[in-house]
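What TrEMBL says about this protein:
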DOMAIN    29-214  domain '3-hydroxyacyl-CoA dehydrogenase NAD binding'
BINDING   GLY34, GLY35, GLY36, LEU37, MET38, GLY39, ASP57, GLU122, LYS127, SER149, ASN173, LYS308  NAD(+) binding site
BINDING   SER73, LYS80, SER149  CoA binding site
SITE      HIS170  site 'Important for catalytic activity'
DOMAIN    216-316  domain '3-hydroxyacyl-CoA dehydrogenase C-terminal'
Amino acid sequence: MAFVTRQFVRSVSSSSTASASVKKIIVKHVTVIGGGLMGSGIAQVAAATGHTVVLVDQTEDILAKSKKGIEESLRKVAKKKFAEDPKAGDEFVVKTLSSITTSTDAASVVHSTDLVVEAIAENLQLKNELFKRLDKFAAEHTIFASNTSSLQITSIANATTRQDRFAGLHFFNPVPMMKLVEVIKTPMTSQKTFESLVDFTKTLGKHPVSCKDTPGFVVNRLLVPYLMEAIRLYERVSDGDASKEDIDTAMKLGAGYPMGPFELLDYVGLDTTKFIVDGWHEIDAKNPLFQPSPSLNKLVTENKLGKKTGEGFYKYK
């Protein structure tokens, strides 16, 4: 009996030590790399929920534009959230903006951050170069995360020496409005890192879903093939299938979608969709869901990328 007791005590002690060793990181300081639409949105929601944020991009001009966009977005949020108290809304905007600083030198600001979120161009080489560099300057406990929507997280993590502290955090556009965040766990991501990121997304007021490091994760893995099939349906219009207008109407009224597939394609950006499909096609060329589209390729070649260029599948003023 004494032996059993001693074994039990040792077991409890060992469990307590293990528990302490996997204590989650409480994210207070966030560095966001990339001042575009996604990066600015991530910086905004982090600052609005009590985190101190450093937003990084290549030039002061880009960062000034980012800060202006964040302020405009915050005022829209404040107008709705503090409709009965405009003064409180103004204070909310000022306080949130005061929590965001900017920098053009990522390496100089990551030494004291808890989390680095990357939201730069969808280019594996650029992401690898960025994280390889930051890995040398970031603190030991700092978690790295990529907001990539299509690239393999493992391939990015392998550029660093902290594969156990690397994961995917895929936010959705527009970040201040969209509640979902996909938390992507690679085979090397530690449970401590994963749980820390889940907790972080919850503090942002988001709803995290867990997924493995598979092409497209959850949403894009289902969404992009749907969009591509809509294009293929439209490409067969000469055989009497359907027009893009009718396809959009059918999916909105028949499936209850807020946007039809062609409206959504133009909103997301045709170049973005093409990039994702081309990447998947390279990985699995025989998969019929990943086949390129002649009409999509033609529009991208003509720089008709959707709403951002004034024309895609539809024309915009």
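The backbone N, Cα and C atoms fix where each Cβ goes, glycine too.
Features per TrEMBL, on structure.
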{"residue": "GLY34", "record": "NAD(+) binding site", "Cβ contacts under 8 Å, 6 or more apart": "VAL56, ASP57, GLU118, ALA119, ILE120, ASN147"}
{"residue": "GLY36", "record": "NAD(+) binding site", "Cβ contacts under 8 Å, 6 or more apart": "ASP57, SER66, ALA119, ILE120"}
{"residue": "MET38", "record": "NAD(+) binding site", "Cβ contacts under 8 Å, 6 or more apart": "ALA119, ASN147, PHE171, ASN173, VAL175"}
{"residue": "SER73", "record": "CoA binding site", "Cβ contacts under 8 Å, 6 or more apart": "SER40, GLY41, GLN44, PRO174, PRO176"}
{"residue": "LYS80", "record": "CoA binding site", "Cβ contacts under 8 Å, 6 or more apart": "none"}
{"residue": "LYS127", "record": "NAD(+) binding site", "Cβ contacts under 8 Å, 6 or more apart": "GLU118, ILE120, SER146, THR148, LEU151, ILE156, ALA159"}
{"residue": "SER149", "record": "CoA binding site", "Cβ contacts under 8 Å, 6 or more apart": "GLU122, HIS170, GLY216, PHE217, ASN220, THR272, ILE276"}
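Of all the recorded positions given, namely ASP57, HIS170, ASN173, the one with the smallest number of surrounding CB atoms inside 10 A is ASN173. Residues in the domain '3-hydroxyacyl-CoA dehydrogenase C-terminal' (216-316) partition by DSSP class (helix H, G, I; strand E, B; coil) as 68 helix, 3 strand, 30 coil. The average per-residue pLDDT of the prediction over the domain '3-hydroxyacyl-CoA dehydrogenase NAD binding' (29-214) is 97, rounded to a whole number.
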